[in-house]
Amino acid sequence: MHDTTPLTRPTLGRRQFLFGGAALALAACTSSSKSTTNSGATDVSTHTTDSNACYSITTDTSAAVLQEVAVDASVSTQGFNLLWIPPTLTGTKFDLALAPSTVQFFDGAPTDTIGYNGASFWGPTLIMTKGDTVGITVTNSLDEETTTHWHGVHLPAEMDGGPMQVIDPGCAWSATFEVMNNASTYWYHPHAHELTWKQLNLGAGGFIIVQDDIESALALPRTYGVDDIPLILTSRKFGTDNAIETTGIYGDYMLTNGTMSAEVNLPAQLVRFRILNGEIERAYTLGFADDRKFWVIATDGGLVDAPVEVSRLTMVPGERYEIIVDLGADAVGSDLTMQAFNGGYSLGYPGSESATTGAFGSLLNNTTFDILRINVIASRADGVTSLPTKLTSNALWSAADATNERTIEITDNGPGSPFTFNNSGFDMNTINERVVLDTVEAWNIQNGQIFGHSFHIHDVQFAIVERSTGPVPGYEKGWKDTCYVQINEQVTFIAKFEDYASNDHPFMYHCHMANHEDEGLMGQFLVVPK
Ligand SMILES: [Cu+2]
């Protein structure tokens, strides 16, 4: 018996997905060139957002084709819904279109959402190969601006899809870059200035899976949707009209890949989950109801050297981990539940607030709740039954490698005021930090604040070398682009800023709690030429 908060919920309707082709004919529209004024601060660049060409997309025969994923439906349980697995797009030419959609989460009114390529909540999984040069065109079919950021991907700043690469309504934007990242699980999501929270909340985002030779050579589960399962974890709060509360911070209903009360049928063998905390603010301390051990095999930016055994795994918004769970000893017909063990934390842990209603309240706060029911089905002939003991050899940076150091402090201007970095809220016109190309730097992220945060930096993958609150957990000893910074903690990471320099196009660093980001907990840095 678990102390899961019982939820009173309406009968669930069938989810509706309408996959259609992207709109190919785009209306002419003006480019988004936002003039800015110099605020007079000492470290200010006056610049404009990148120009945004509107053009007609001609159908490219090499474009990746949407591949639907049929999930095993041999077992279904009363009161549960089969986990939706995002379809895949594989190749080097990707077309994405973000448009309004709806989901029938509840009886009665459908819930308005937004999604890519006809998906109603989250979008297709883009599968890329290290070494390929890819092109991605994003069409904005919303009635407001958006951007699409490739989270964790190392690329030129003007391809990053940050707040500067605005896609106006009815317009398209293209990014092209060489895939230089290690095999791991990355993601894409809107990053428009002060619209990230809203658009993420409504369902815009999706996975990017990068493959490479090292990972492909390992005997790991990698049959997508069968023994290699993508999981985007989030929760949402709904109004009486079934609408998603657009300023919701903590949801009342767990949505696993956008599926409420999700269950999945998995073979009795090793299975892999690629997990993204896609929340607005909530952390998840993952585990299984029977407290079984599982293994972390990859962090944000690649495999770890060897599988790291854990029974709990804390993830903050924006973080990804790949884990292996052994179902080999589970009887066919049995079930197992993945849960968030979020009870018992003191204030500062995102989701520890005890209120069930109000701005920071939620039915899922400060408790253990279910994420996914797993029904065990027969193993497959090609199933992986033993875990490799060695995965890769990461040459992670150490503190001794750093030749420059900077400190980013999380601050605020008094109770109730937005969080800021170094006492400055985000300003589109201000370059907060300048890093010289090819420098290995130590960044100290200091949080003397009243709440934990999720620090994310664009462009690089870093190595965490120190946490002031205790040892760096084994599962964090891999390449990272996002990390938990607990209340009253300093985290130091080391990163090399290489390959791409620009005096004009900045990268972002920010809290990945979308409400904090939109309210100003974000800064910009340039990687300048030597
Ligand atoms: Cu934050």
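Each Cβ is built from the backbone N, Cα and C atoms, and glycine gets one as well.
Per TrEMBL, the feature domain 'Plastocyanin-like' maps to 101-212, 267-327, 407-529.
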DSSP residue counts for the domain 'Plastocyanin-like' (267-327), split into helix, strand and coil: 0 helix, 39 strand, 22 coil
Helix, strand and coil residues within the domain 'Plastocyanin-like' (101-212) as assigned by DSSP: 9 helix, 46 strand, 57 coil
Within the domain 'Plastocyanin-like' (407-529), residues counted as helix, strand or coil by DSSP: 8 helix, 62 strand, 53 coil
Confidence summary for the domain 'Plastocyanin-like' (267-327), mean pLDDT rounded: 98
